[in-house]
Amino acid sequence: MSKRDFYEVLGVSRDASERDIKKAYKRLAMKFHPDRNQGDETAPEKFKEVKVAYEILTDAQKRAAYDQYGHAAFEQGGMGGGGGFGGGQGDFGDIFGDVFGDIFGGGRRGGQQRAQRGSDLRYNMELTLEEAVRGCEKDIEIPTLAACEPCDGTGAKKGTSSTTCSTCHGQGQVQMRQGFFAVQQACPTCHGKGKIIKDPCNSCHGDGRVQKTKTLNVKIPSGVDTGDRIRLSGEGEAGEHGAPAGDLYVQVHVKEHNIFDRDGNNLYCEVPVSFTMAALGGEVEVPTLDGRVSLKVPLETQTGRMFRMRGKGVKGVRTHSAGDLIVKLIVETPVKLTKRQRELLKEFQESFDGKDAKKHNPKSEGFLSGVKNFFDDLTK
C-alpha cells in the first residue's frame, strides 16, 4: 500500500518551518488521539501516521533524507540501513507527553511501572440548615476496595512475594514494531504491572484488595453550604499492591428550610404582621437560628418592607464572620370578619374620603395617576 507524503499528512508546505510543523502536529494529534476517538478504529492508525510524519520532519537529518529519497530512505535496505529511523525514535507516548504536557493526564513515560494509586470516592451527604450552620458529626457507610489483610495488600500468599516479569523486565511495557512504526503497549504477560505473582493470595486472588463496606465518622465544620466538598485523605479505595489509597470526597447538600432561605452567609425570612400593627407600629417576634428576637415595626409600614438584623445570619466556614438576617414584613388582610368589624372598617374607609384622601394612600394615588396618564397618551 502506498504511503502518504509526510508534508501532506501534516497539511504543511515542503518549506514549512519547524514551528509550523509542531503547530500542525499538535492540532492533528489532538484530533486523532485514540482517547478522544473511542470506537473509531481508524483513529489509532491516523494518530501513528501523524506522529511518524512529525518525527521525521522535525529531525534535520531525517528530513533531508526524506526530501531527497522519500519513503525509501526509511525502508528496510534503504538509506540509513535496516531498521530505518527506528533506533533513534522516542516512545510513542513520550513525544505526545512532551508536546501536550498533562492535557490527557501526562505522557506515558517509559521506565518501571508502579502500582496504581487507589481511586477517589464520592459520597453525597444531605444536611439540615441547622446542621450545616452549627456543624455536626455523621457516621456514614462506604462500599469500597480495601487492602487485603491476609497478604497485607501485596496479592501474594503470605510468605511469598512477586517476581519481576521476564517479558518486559519489570518495565510493564513492550515495544511492537510494524515497518517503520514502533509503538509501546502494555506487556501481555504481566498486563502492565511489571511483576508476576506465582502464588496468589487465596482471599484476594492476587489483586491485593477486597470488597468491603467501611464506616467512617465525618466531622462537618460549621457554616458549610450546598456545593461545598470535604476531602478525607486516604479514605478512598486502596491502591494496587500496597500503593497509596485514594481520597474520599463528601459532597454537601443542604435541604430546604420551612422558614429560612440562605444566600451565602445571609438568611432571609418573611414575617406576617396585622394591618393595624403596620399602620400604628409596634413589636413583632422574629425567628432566628439562636431563638426569637423582637423587631420594632415603625408607624405606617408598607407590606414588603425589609429589615436587616446584623450578625443574625450564618458564620461562614471560610470567613468566620456572621452574615445578616433579612426580614421581609408581609401585611395581612383580615379575614372572616364579624358584622361589627366590617362596620368599623367601613367607617374607617369613609374617614379617608374628602380632600385629604390622597395623602393617606400615596401609592394608590400615584398608581391611579399613572394609569390615567397612560390612557390619555393612547387617545392622543
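Cβ atoms here come from the backbone N, Cα and C positions, even for glycine.
The domain 'J' annotation in Swiss-Prot covers 5-70. Per Swiss-Prot, the feature zinc finger maps to 135-213; the stated evidence is sequence analysis. Taken from Swiss-Prot, the feature repeat 'CXXCXGXG motif' applies to 148-155, 165-172, 187-194, 201-208. Annotated Zn(2+) 1 binding site per Swiss-Prot: C148, C151, C201, C204, in sequence order. The Zn(2+) 2 binding site annotation in Swiss-Prot covers C165, C168, C187, C190.
Overlay of Swiss-Prot annotations on the structure.
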{"residue": "C148", "record": "Zn(2+) 1 binding site", "DSSP class": "coil"}
{"residue": "C165", "record": "Zn(2+) 2 binding site", "DSSP class": "coil"}
{"residue": "C187", "record": "Zn(2+) 2 binding site", "DSSP class": "coil"}
{"residue": "C201", "record": "Zn(2+) 1 binding site", "DSSP class": "coil"}
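The DSSP breakdown of the zinc finger (135-213), given as helix, strand and coil counts, is 0 helix, 35 strand, 44 coil. Same-chain residues with CB within 8 A of the center of the C148, C151, C201, C204 CB atoms, the Zn(2+) 1 site residues themselves not counted, are E149, P150, D152, G153, T154, G155, A156, K157, P200, N202, S203, H205, G206, D207, G208, R209, V210. The Cβ of C201 (Zn(2+) 1 binding site) lies under 8 Å from the Cβ of C148, P150, C151, T154, G155, A156, K157, K158, G208, each on the same chain and at least six residues away in sequence. Residue pair C168 (Zn(2+) 2 binding site) / C204 (Zn(2+) 1 binding site) shows a Cα separation of 25 Å. The helix, strand and coil residue counts that DSSP assigns across the domain 'J' (5-70) are 49 helix, 0 strand, 17 coil. Here the Cα atom of C204 (Zn(2+) 1 binding site) is found 17 Å from that of C190 (Zn(2+) 2 binding site). Taking Cβ-Cβ distances under 8 Å and a sequence gap of 6 or more within the same chain, the neighbours of C190 (Zn(2+) 2 binding site) are C165, T167, C168, G172, I196. Other C-beta atoms found within 10 angstroms of the C-beta of C165 (Zn(2+) 2 binding site) number 21, with every protein chain shown included. On its own chain, C187 (Zn(2+) 2 binding site) has C165, T167, C168, Q171, G172, Q173, V174, K193, G194 as residues at least 6 apart in sequence with a Cβ closer than 8 Å to its own Cβ.
Counting Cβ atoms from all protein chains shown, C148 (Zn(2+) 1 binding site) has 23 others lying within 10 Å of its own Cβ.
Within the group of binding-site residues (C151, C168, C204), the Cβ with the highest number of other Cβ atoms inside 10 Å belongs to C151.
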